[in-house]
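For A:LYS221, the entry in TrEMBL reads active site, proton donor. Annotated NADP(+) binding site per TrEMBL: A:GLY10, A:PHE11, A:GLY12, A:THR13, A:VAL14, A:GLY15, in sequence order. Here TrEMBL flags A:LYS111 as NADPH binding site. The L-homoserine binding site annotation in TrEMBL covers A:GLU206. The domain 'Aspartate/homoserine dehydrogenase NAD-binding' feature in TrEMBL is assigned to A:10-126. Residues or ranges marked as domain 'Homoserine dehydrogenase catalytic' in TrEMBL: A:152-355. The annotation region 'Disordered' is assigned in TrEMBL to A:276-296.
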Number of protein chains: 2
Amino acid sequence: MTVVRAALLGFGTVGQGIYSIAQQRREQLKQRLGGVELVIVKILVRDLRKRSRVLPDRCASDAKLLTDDIEDVFRADVQVIFEATVGEEPAFTYLQRAIVEHGCSVITANKVMFARYGAALQELAASCTPTSSFPATRVYVGFEATVAAGVPIIKTLQNMCHVQQVRKIEGIVNGTSNYILTELREHPEKTFEEVLKKAQELGYAEADPTNDVAGQDAFVKLLVMVAIAFGHQPSRSTIPVTGIDTLTPEMLQDARAKGLRYRHVVSAAMEGAATSSCAPKSSAAEEEEAQSRTRPLHERLTCSVKPMLLGPEHPLYHMDGTTSAVSVWTDYLGVVTISGPGAGMYCTASAMMEDYAVWMEAFRRP
Amino acid sequence: MTVVRAALLGFGTVGQGIYSIAQQRREQLKQRLGGVELVIVKILVRDLRKRSRVLPDRCASDAKLLTDDIEDVFRADVQVIFEATVGEEPAFTYLQRAIVEHGCSVITANKVMFARYGAALQELAASCTPTSSFPATRVYVGFEATVAAGVPIIKTLQNMCHVQQVRKIEGIVNGTSNYILTELREHPEKTFEEVLKKAQELGYAEADPTNDVAGQDAFVKLLVMVAIAFGHQPSRSTIPVTGIDTLTPEMLQDARAKGLRYRHVVSAAMEGAATSSCAPKSSAAEEEEAQSRTRPLHERLTCSVKPMLLGPEHPLYHMDGTTSAVSVWTDYLGVVTISGPGAGMYCTASAMMEDYAVWMEAFRRP
C-alpha cells in the first residue's frame, strides 16, 4: 500500500476543513486513487497553545501533529503540502523550500502569495525530477482554491488553453462585493453601510472589509487567471482597480431605472475580443488576427477590476448573492460560464483536496 | 520528436472540425504537450466518392488519407481514434477492436453508443497495458463531447467525484428543445410548429426532430452523466422520458402568468438531495445518511427527463436559447453550474481535441 505523507500549513477555517475531509473521505480517495492513502503527518500553526484546542475531540490524539516549527514539517519527510495561510510570506519561502529542497508537491489556497509567485513555483516544480521513492512522477503545484474556491475555473481554463485561444475573461470573484451589490439592488432603501454591516454579521465580510470592497481581493484573482489564459502576467501598475465603494446611490438608482445591474467584474480582453464567436473565422479575420499577433501581448491585452453595468444578455447579469462566476470567451467555443460558491470552509478545502486527487490520478507511479 | 498517429472515424461536421483544428493548432498543441505532435493518418468515411469533395482545397493531397475500410485504419498503426459517427454500430465494434486488438486510445462524440457501451469501453481500456512504443502510459477513453459539446461537464464531474458526493444533477442538454421553449415564451403568438420550423431553418433542429423534442437525445446524455456522478447506470426502463412536445399552449400561458419558465431538464437525484448544502453536516444528518447508504443505490436514485417548471431562484431558469447548462449539487460545494454552447462543429470538435490534450498532458511517456 502506498502512503502519501501530507502536511498542512495553517490550521484556520480552511486547514481544519482539509483535515476533516481527509478523515471523511479516506476510503473514497483510496478507492479512486489505486489504493494510495493520504495521511496528514504534520500541521504547522503559528501559536501552538491556541491551536491545540481546535482539533476535534475524537482526534485529541492528533495533537502531536501540531508544530510551530517549519523544520518539523520538513523533517517529517512530507510529499505534499496543503498551504492555507495568509499573505506572501512566509508562505512563499516555505513552499519554495518544499519544492527545491524536498521535491515536495504543493497545493495552495493563498491567492496573494500565488498571484506574486505562482509562475516561480510552477517553474521550480517543472524542473524537479522526483526521486524514485516519491509517489508520483511529477512534482505538482495545485492552486484551484486561489480563485473562487468551489468554482472549478482553474482546471477548466488549463484544459481549454491546450486547444482554445482565449479572447476574454470576465468574472465575479469576490462574494462579499456581489452580496452587497445584490442587497443594494433588492433593497433600495438600505445604505451601503447598513448592507456592509449585515454582510459582516453573516460572516461574508471581514471586520476590515477594505480588501473586498476596494477590489484588491478580486485583483489578485484576476492576475492568477490571466497568467493561465494568456500565458503572461501584465504589470500590476497597468491594471486600474476600482472597488464597489465608488458607487453612489444615484448611480445605483440610475441602473435600476434602466433595467441594468452593477456587478463587480474582473476583466481581461484581447484586442477584437467582441467579434469572436463559435463560428469558423473568415480568412480576412484570420489574417487580421495573425497580423495583430506580431505585436507584443501586453499591448493587445486590456485588464481591469471595476463595477460594470450589465444588461440581461450578459452571462454574469443573473449571478446574485455570494455566488462567484467566471465567463470565458474562446475562439472555438464562444462563451462558457461557471458559477458556484466562491467561499466557505468546505468549498475551499474540497477544491484543494480535488487538486490532490487530480494530481494523484494522473501522475501516481504505476 | 514523438508523433501520435491518429485516425478519424466519420468525416461529417464534427470530423471535419477535428481535421481543421488539428491543422490550426498544430504548433500550440506541440508546444504545450512536450513536443508531441498529432498527425492524422487515416479518415474513415462511408462513401469514398462523396467525401473526397469536402477536404479543403489546400489539403487536396490529403485525399489519400480517406478510406472506407476500417482495416486500413488498423493497418495504419494508429494510437488514437477520434470517433464522430452516429449510432451504436459499427462504432462500438470498431472502438472495442481498437482498444483490445491494437491498444489504441479512443475519443468519442457518439453519445448513443457511449450511453450503451461507455462502461464496457472504459473497462477494456483500464485492463490494457500499453506497449512501450505507445506514446502514453495509459490507454484512454475520452468522451467530453458526448454531453453538451463545449460545456466541460464531463471532466468537471470526474474531478469532483474524487472528493465530493454528488446529491443531484439537473441539466439542459438539448439545445433544440431549449431554443424552442425560449421562443415560445418570448413570442406567445407563435405556435410550436412555427417555432420548430424556424429552428430547422436555422440549422438547430434536424429534418426529423423527434429525437430532440421527444427527449431521447437528452436521455442518453443523462445516462452518461449518471454513470460518472453515481458510479452506476440505472435501468433504462425505470427512467420516465417526456419531451417538450407534450406541453400545451395553456400550460405555457399558465407558466408565463406565474413568472415561471418551462425548461427541458434531465435530472438525477439521491434521496434527501434537497437538504444538502455547503455547510458541514450535523451528526444526526450524517448518521441518517450512513444508514440510508446501506440500501442499494438504485433504490435511492431517481432519474427523469421532462419539462420542469422553474422559478427565478433555480440556476437553470435564466439559460435561454440554444445554451446547454448543467447544475451539480454536492455535499461540500452546494451547487455548481456550467453553461455554454451545447452544439456546433467547432465546439464539439474542440472538446474532443481537449480530451486528446488532457490525456497527453497527464499520461505521455517522459
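For all residues, glycine too, the Cβ spot is worked out from N, Cα and C.
Automatic, uncurated: that is what TrEMBL annotation is.
Keep in mind that what you see is a predicted model, and the values were worked out from it rather than measured.
Here the features listed in TrEMBL are painted onto the structure.
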{"residue": "A:GLY10", "record": "NADP(+) binding site", "Cβ within 10 Å": "23"}
{"residue": "A:PHE11", "record": "NADP(+) binding site", "Cβ within 10 Å": "23"}
{"residue": "A:GLY12", "record": "NADP(+) binding site", "Cβ within 10 Å": "15"}
{"residue": "A:THR13", "record": "NADP(+) binding site", "Cβ within 10 Å": "15"}
{"residue": "A:VAL14", "record": "NADP(+) binding site", "Cβ within 10 Å": "28"}
{"residue": "A:GLY15", "record": "NADP(+) binding site", "Cβ within 10 Å": "27"}
{"residue": "A:LYS111", "record": "NADPH binding site", "Cβ within 10 Å": "23"}
{"residue": "A:GLU206", "record": "L-homoserine binding site", "Cβ within 10 Å": "14"}
{"residue": "A:LYS221", "record": "active site, proton donor", "Cβ within 10 Å": "26"}
Summed over the domain 'Aspartate/homoserine dehydrogenase NAD-binding' (A:10-126), the DSSP helix, strand and coil counts are 67 helix, 18 strand, 32 coil
Within 10 Å of the residue listed as 'active site, proton donor' (Cα-Cα), which of the binding-site residues A:PHE11, A:VAL14, A:GLY15, A:LYS111?
-> A:LYS111
Inter-residue Cα distance where the pair is the residue listed as 'NADPH binding site' and A:GLY10 (NADP(+) binding site), in Å | 14
Taking only the Cα atoms, work out how far A:THR13 (NADP(+) binding site) lies from A:GLU206 (L-homoserine binding site), in Å, as a whole number.
-> 14
Looking only at the domain 'Aspartate/homoserine dehydrogenase NAD-binding' (A:10-126), what is the mean pLDDT?
-> 92
Work through the binding-site residues one by one (A:PHE11, A:GLY12, A:GLY15) and name whichever has its CA nearest to the CA of the residue listed as 'L-homoserine binding site'.
-> A:GLY12
Looking only at C-alpha atoms, tell me how far A:LYS111 (NADPH binding site) is from A:VAL14 (NADP(+) binding site), rounded to the nearest Å.
-> 13
